[in-house]
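Feature list (source: Swiss-Prot):
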type: REGION; residues: 1-21; note: region 'Disordered'
type: REGION; residues: 122-145; note: region 'Disordered'
type: CROSSLNK; residues: 136; note: SUMO2 cross-link
type: MOD_RES; residues: 139; note: phosphothreonine
């Protein structure tokens with residue numbers, strides 16, 4: 001059910017916005033979930049993928065292969081290229097195979113100060129969400145008086 005009258009649910013409009021999205025919005029769309037260990041550590045579910053992150057493919061033809069580094073994030077095609085995920089062309093050269101970021105799990109993040117800030121911000125907002133709607137002990141005591 002639609003709640004916000006200013007957000008469209010028209011399929012053609014959503015597809016248009018997806019395929020004509022500018023680069024800074026494509027970055028957000030191209031997010032990948034974090035592995036269970038990283039999720040526990042940072043209290044964050046997913047992050048926009050970037051070059052030099054280590055990922056594991058969990059869906060499709062190349063799933064279950066060893067962990068590889070992200071070589072390139074190709075925002076125009078909505079794909080990422082991973083170190084060991086390659087195939088041989090008819091003329092014998094090897095090329096990277098494009099994989100959608102939603103089909104991989106991030107196993108190691110390349111951290112810099114900006115990315116750490118993003119992780120802290122996301123974890124903080126998640127913590128606020130967990131406490132939302134819960135009464136504190138003091139307020140319960142005041143209500144009972």
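Glycine is treated like the rest: Cβ placed from N, Cα and C.
Note that the structure is predicted; figures quoted are calculated from it, not measured.
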The region 'Disordered' (122-145), counted residue by residue under DSSP: helix, strand, coil: 18 helix, 0 strand, 6 coil
Structural state census, the region 'Disordered' (1-21) (DSSP three-state): 9 helix, 0 strand, 12 coil
